[in-house]
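K.L.:
One structure follows; several queries about it will come next.
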């Protein structure tokens, strides 16, 4: 057996909630530079935005983007928006991942045999619910990642300053900008990510190809990351463009998507695909492996406290 052993007692909702948020924060710490590179590539080609990321630098590929940012803005630029990112994951992942099993059981009325439809419903529900909780943190994270030091001063000096500036200049709605595409994106991402992970893991275990250990979690998470990137990239690009846009630049997320299609063609919807895949693939592996181990460790700790002898 690799890692912590599974306990006879299933993890509680609280353990899943805390475990999911913590695991997502660990995954974000490791993969954040890839996410920043993805954002820069996705907004490249925009004419205007509240944060001008591409005014003095053109980005080519994942490593090219990272190296250009390090050269022109310094290594710390790769972690722009990290605080907001961790705030987002602690509130966001706790809901969309931590509550997934509980919502799935609600839809299946406690049955152990969940259909694909029930899993999709659960993924859509927790994904959309998470946006309602964490949207402002996502807006601030994207704005920080998009802003460049080269060619001018930084618009936001700190995370708190970013929240205040956006609320003052754009109103309360500014903090909830892009909610519609984000709800769509996260319903899709959650379904692709959690349901694919669920199905791959179940298939591997039922076929006796693997046991419920780290290799199984790694394989399932990697497959889920690839499927999620393919399905969610178009919505993710629109979400990023719309949240980073200047006030009045786009009338809606749909207008943003139509403008992209007309000016840049359909390939624009897959801008930043490679960093998206590298980020989502690695993020999924780190998050799911850590999450599975955290659940077991926390339940083992709870069990040992209840029965010390």
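Using the three backbone atoms N, Cα and C, a Cβ is placed for every residue, glycine included.
Pulled these from Swiss-Prot:
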| type | residues | note |
| --- | --- | --- |
| REGION | 16-63 | region 'Important for interaction with long-chain fatty acids' |
| REGION | 278-285 | region 'Important for interaction with long-chain fatty acids' |
| REPEAT | 11-106 | repeat 'Solcar 1' |
| REPEAT | 114-203 | repeat 'Solcar 2' |
| REPEAT | 212-297 | repeat 'Solcar 3' |
| SITE | 141 | site 'Important for inhibition by GDP' |
| SITE | 185 | site 'Important for inhibition by GDP' |
| TOPO_DOM | 1-16 | topological domain 'Mitochondrial intermembrane' |
| TOPO_DOM | 41-77 | topological domain 'Mitochondrial matrix' |
| TOPO_DOM | 104-119 | topological domain 'Mitochondrial intermembrane' |
| TOPO_DOM | 146-173 | topological domain 'Mitochondrial matrix' |
| TOPO_DOM | 200-217 | topological domain 'Mitochondrial intermembrane' |
| TOPO_DOM | 243-268 | topological domain 'Mitochondrial matrix' |
| TOPO_DOM | 295-309 | topological domain 'Mitochondrial intermembrane' |
| TRANSMEM | 17-40 | transmembrane segment |
| TRANSMEM | 78-103 | transmembrane segment |
| TRANSMEM | 120-145 | transmembrane segment |
| TRANSMEM | 174-199 | transmembrane segment |
| TRANSMEM | 218-242 | transmembrane segment |
| TRANSMEM | 269-294 | transmembrane segment |
K.L.:
How does the model score the region 'Important for interaction with long-chain fatty acids' (278-285) in terms of mean pLDDT?
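P.N.:
Residues in the region 'Important for interaction with long-chain fatty acids' (278-285) carry a mean pLDDT of 87 in this prediction.
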K.L.:
Against which stretches of its own chain does the transmembrane segment (17-40) lie, if we need a Cβ under 8 Å and a gap of at least six residues from its ends?
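P.N.:
Same-chain contacts beyond the flanks: 11, 53-54, 59, 62, 65-66, 69, 77-82, 85-86, 89-99, 142, 145-146, 240, 244, 272, 275-276, 278-279, 282-284, 286-288, 290-291, 294-295, 298.
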K.L.:
Where does residue 141 (site 'Important for inhibition by GDP') sit by DSSP, helix, strand or coil?
P.N.:
helix
K.L.:
According to DSSP, does residue 185 (site 'Important for inhibition by GDP') sit in a helix, a strand, or coil?
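P.N.:
Its secondary structure by DSSP: helix.
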K.L.:
Per residue, counting other C-beta atoms within 10 angstroms of the C-beta, which of the recorded sites 141, 185 reaches the highest number?
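P.N.:
Counting every other Cβ within 10 Å of each candidate, the maximum falls on 141.
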K.L.:
Distance check, please: Cα of residue 185 (site 'Important for inhibition by GDP') against Cα of residue 141 (site 'Important for inhibition by GDP'), rounded to an integer number of angstrom.
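P.N.:
Distance (Cα to Cα, whole Å): 16 Å.
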